[in-house]
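Enquirer: Let me give you the structure first, and then I'll get to my questions.
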Amino acid sequence: MTIMRKTHPLMKMVNHAFIDLPAPSNISGWWNFGSLLGLCLIIQIASGLFLAMHYTPDTTTAFSSVTHICRDVNYGWLIRYMHANGASLFFICLYLHIGRGMYYGSYSYMETWNIGIILLFLTMATAFMGYVLPWGQMSFWGATVITNLLSAIPYIGTDLVEWIWGGFSVDKATLNRFFAFHFILPFIIAAMAMVHLLFLHETGSNNPLGIPSDCDKIPFHPYYTTKDFLGIVLLLAFFFTLVLFFPDLLGDPDNYSPANPLNTPPHIKPEWYFLFAYAILRSIPNKLGGVIALVLSILVLALLPHIQTAKQRSLMFRPISQFLFWLLVSDVFVLTWIGGQPVEPPFIIIGQIASLLYFTIILAFMPIAGLIENKMLKW
């Protein structure tokens, strides 16, 4: 008798992707974040669906509808905080996933890597639009400031901003369309994640050594399903600790005040996961230059496969590149801190140095280190 999972058209796809998939025998816990991101997406879509049942995308009632969810809906407060903190968790996993890809040279799988960058842009767009929906002070002013950046685009900028706003300022039309896009984008992200997996399974997973592992593969189930399950348990433990004990730890107190176009908050800043890019944006005095730097701060990842000079794929046996990688990680932490600070000395100069260092490490120091390490291999 044939096994159903190997013959049934639908089950066969699941089988090839999650059960009989040949996986390298030595992949570490850093490879858990793909499945954890899948879990985060499921949490966000499920909690978001229930929130959408009670939310009204209208400037007069949006803020009070969120209040109503927290006060009057059964476990509404839990769903709302799961959704808000789920976004933070999503980005923690996302940045760790990207960091692992950079450390172990996973960017050599160019199709998978490029789809990943598109996924990052889509997730950032979704999170930004979601932050606007509660219609608090930071929602309104964040939407105004960030959408206004598009006016820096020559010739079409102003028209583009007014087209996105649906008027001459951020108002009801903006909130309505942001809600529509915020609802549909996670499903597009889910579809793109499938494409991401499709490309990954064409080549097979990378491993910590960065060498071909065809001679030593093991089935995904039960080895990595159990390993992923452990990761999921740990992630959920951290997640519910955050949601139930410190729900407002990562939020902004200003967003508990209803949006008021006549009163500007003293420090307009996005959620913590955008602060590093926001710091890079602010470090350039020119508006168009800042917008270009902001986009490049993410788009620079697409250059990694093209500026790779080292003969070894992984950084595991490359001490100079390892030092530069951790310097880059530290630099991103500094940028995140600077993004949350007011625009005044000494934060301005620290932000400018950190921004310059960010691009210099990726575009210059890393390729040079690769060449030096190639020479060291011959000694």
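Easy rule for this one: first residue shown is 1, then count along the chain.
Every residue gets a Cβ built from N, Cα and C, even glycine.
According to Swiss-Prot, the record shows the following:
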| type | residues | note |
| --- | --- | --- |
| BINDING | H83, H182 | heme b b562 binding site |
| BINDING | H97, H196 | heme b b566 binding site |
| BINDING | H201 | ubiquinone binding site |
| TRANSMEM | 33-53 | transmembrane segment |
| TRANSMEM | 77-98 | transmembrane segment |
| TRANSMEM | 113-133 | transmembrane segment |
| TRANSMEM | 178-198 | transmembrane segment |
| TRANSMEM | 226-246 | transmembrane segment |
| TRANSMEM | 288-308 | transmembrane segment |
| TRANSMEM | 320-340 | transmembrane segment |
| TRANSMEM | 347-367 | transmembrane segment |
Enquirer: Taking the transmembrane segment (320-340) as the reference, which of 33-53, 178-198, 347-367 gives the largest number of Cβ pairs under 8 angstroms?
Expert: 347-367
Enquirer: Write out the long-range same-chain contacts of H182 (heme b b562 binding site), meaning residues 6 or more apart in sequence whose Cβ is under 8 Å from its Cβ.
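Expert: Sequence-distant Cβ neighbours: G48, T126, M129, G130, L133.
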Enquirer: Based on Cβ pairs under 8 Å, which of the stretches 33-53, 77-98, 178-198, 226-246, 288-308 lies most in contact with the transmembrane segment (347-367)?
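Expert: Looking at each of 33-53, 77-98, 178-198, 226-246, 288-308 in turn, the most contacts to the transmembrane segment (347-367) are made by 288-308.
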Enquirer: Should anything in the same chain at least six residues away from the transmembrane segment (178-198) have a Cβ under 8 Å from its Cβ atoms, list it; otherwise answer none.
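Expert: Result: 17, 37-38, 41, 44-45, 48, 52, 55, 57, 112, 115-116, 118-119, 122-123, 125-126, 129-130, 132-133, 143.
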Enquirer: Counting Cβ pairs under 8 Å to the transmembrane segment (33-53), which of 77-98, 113-133, 226-246, 288-308 comes out on top?
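Expert: So the stretch in question is 77-98.
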Enquirer: Of the listed stretches 77-98, 113-133, 226-246, which one has the most C-beta pairs under 8 A with the transmembrane segment (288-308)?
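Expert: That would be 113-133.
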Enquirer: Sort out the residues at least 6 away from either end of the transmembrane segment (77-98), same chain, that have Cβ-Cβ distances under 8 Å to it, and list them.
Expert: 30, 33-34, 36-37, 40-41, 43-44, 47-48, 50-51, 66, 69-71, 116, 120, 123, 127, 130, 235, 238-239, 242-243, 247, 250-251, 271-273, 301
Enquirer: List, by number or range, the same-chain residues at least 6 past the transmembrane segment (226-246) whose CB is under 8 A from its CB atoms?
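Expert: Cβ under 8 Å, 6 or more out: 29, 32-33, 35-36, 39, 43, 78, 81-82, 85-86, 88-89, 93.
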Enquirer: What same-chain residues, at least 6 away in sequence, bring their CB to under 8 Å of the CB of H196 (heme b b566 binding site)?
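Expert: Those within reach of H196 (heme b b566 binding site), by Cβ under 8 Å and sequence separation of 6 or more, are T112, I115, G116, L119.
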